[in-house]
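Chemist: Please see the structure below; I have some questions.
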Amino acid sequence: MSDLGGPSARGNGGGGGRKKAGISWVLIASYALDWIVMIAADAVGFYLGNITPNRRPFSLSDPNISFPFTVKETVDSKLLLICNAIIPIAVILFVALVFVPGNTVPKGTPKSLIWKRKLWELHTGWLGLALSLTGAWFITSGMKNLFGKPRPDLLSRCQPDLVNLQQYVIGGIANLSSNGQLVSADICKNPDVKLLEDGFRSYPSGHSSSAAAGLIYLSFFLASKFSVTIPFLASGGYPDDANAMSSFPSRLANNRGNAEEAMRLTSSNGTEELGNPNDPATAKQLASHTKAVFAVRRQAAAPPVYLLAITLVPFFLAIFIASSRWFDFRHHGFDILFGFIIGTITAWFAFRYYHLPIARGAGWAWAPRSHDKAFWAGIGSYSYATEKKDWVRAGEEGEGFGHAPTDIEMGVRNRKPEYDAQNDRMASSSALDGRHDGDHDRNSSLQGQAF
């Protein structure tokens, strides 16, 4: 499969008639549009993140917003960008160039085809990362200014006008200690407007959402490429009987004969000397061989722990970045958790948008869109990877699969049973039965009566 070409690159499936692989500029333009849309969404997110936020009223005696202002953050914006974007970009590049396409490449495969696969896996890896970060950035930036929730260090940013306190009271119960009184944000007289407005952007945490979006996506990517998943039993992939669950299935008395027979039917070069796989006898032999040899416990195994540790490093780094917002007094606990959830959701969605499931995808990304559906598939198309020429044309949906028109479709009512003299039996032509027995004379008679 050529990963950069459209239908012309994939060929017509005709062996010698296969067309030469080539680059589809329409397909390239469609993926370039994906990047343009995400860049535009980033720009909109930047704009939303810098408008004046709503400023929720607060109490000057609220201990939850009375923490000191941390001048030097543990993870500032520059370091966050390195962790959630630069590092994943570099790791994806390294993995795509070194480990793709793996050890299943047949001998004699052209290097150009191998490099196309490498570049495609690299492109989808970066594209998914960009989608994850863009989604988290757009959602978080918009929500921050909508909610306008005070940060834990708001009072240290505020510099309230305590002399004229009563002018700013907008709610609560007035008393001498001011407990229970809510004041408007106008009480804050800090001349640094940018610093003050940022004090009302606590919910949700941008560091948490961005860290999760970039680093958890990287964990998904590494788990996919290194086949790190919880061992599982594929549905229908193992014999469902007591023998498969026993300690040593191949040594059971009732299975030894089957195993020896399967061994005898195996040629010296390791290929089965069997007939048609659809033959019942052959199918029975294969089933017996499977029962005799394959125990249920041999269907899967746990990956090496060191690979699990490698895939979890980005996840733990994301947790550390999110935690730093708590002990730096930048966000409340719920703000951090909700931001982390946003990033986790966008990471999972972006990964599945461009990659096969980790447990069943063998580490591959989805193939490119079809040339003729690069920008639009239309109603009735279940996949952007199928070509329009493969669709069943109008009027051929039934005929293409041996379907004959029913009486209802032909407008025939109250059809009477007719006597089939050739076969000496009654042929019942039901209004809901479109089946034929293959007799030419009988079919002609039925069609003549229908019209």
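Heads up, the Cβ atoms here are built off N, Cα and C, so glycines get one too.
Just so you know, TrEMBL annotations never went through curation; they're auto-generated.
Keep in mind it's a predicted model, so treat the numbers as computed, not measured.
So TrEMBL lists these for the protein:
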type	residues	note
TRANSMEM	23-48	transmembrane segment
TRANSMEM	79-100	transmembrane segment
TRANSMEM	120-139	transmembrane segment
DOMAIN	126-228	domain 'Phosphatidic acid phosphatase type 2/haloperoxidase'
DOMAIN	302-355	domain 'Phosphatidic acid phosphatase type 2/haloperoxidase'
TRANSMEM	305-327	transmembrane segment
TRANSMEM	333-351	transmembrane segment
REGION	397-451	region 'Disordered'
COMPBIAS	410-423	compositional bias 'Basic and acidic residues'
COMPBIAS	433-443	compositional bias 'Basic and acidic residues'
Chemist: I'd like the per-state residue tally for the domain 'Phosphatidic acid phosphatase type 2/haloperoxidase' (302-355) from DSSP, helix first, then strand, then coil.
Modeler: 45 helix, 1 strand, 8 coil
Chemist: Do at least three C-beta pairs under 8 angstroms join the transmembrane segment (79-100) to the transmembrane segment (305-327), pairs 6 or more apart in sequence?
Modeler: yes
Chemist: With a Cβ cut-off under 8 Å, give me the same-chain residues at least six positions beyond the ends of the transmembrane segment (333-351) that come close to it.
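Modeler: Same-chain residues near the transmembrane segment (333-351) but 6 or more away: 128-129, 131-133, 135-136, 139-140, 149, 202-214, 216-217, 220-221, 224, 318, 322-323, 325-326.
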Chemist: Summarise the model's confidence over the domain 'Phosphatidic acid phosphatase type 2/haloperoxidase' (126-228) as a mean pLDDT value.
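Modeler: Per the prediction, mean pLDDT sits at 91 for the domain 'Phosphatidic acid phosphatase type 2/haloperoxidase' (126-228).
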Chemist: Counting by DSSP secondary structure, give me helix, strand and coil numbers for the domain 'Phosphatidic acid phosphatase type 2/haloperoxidase' (126-228).
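Modeler: Going through the domain 'Phosphatidic acid phosphatase type 2/haloperoxidase' (126-228) residue by residue, I get 60 helix, 7 strand, 36 coil.
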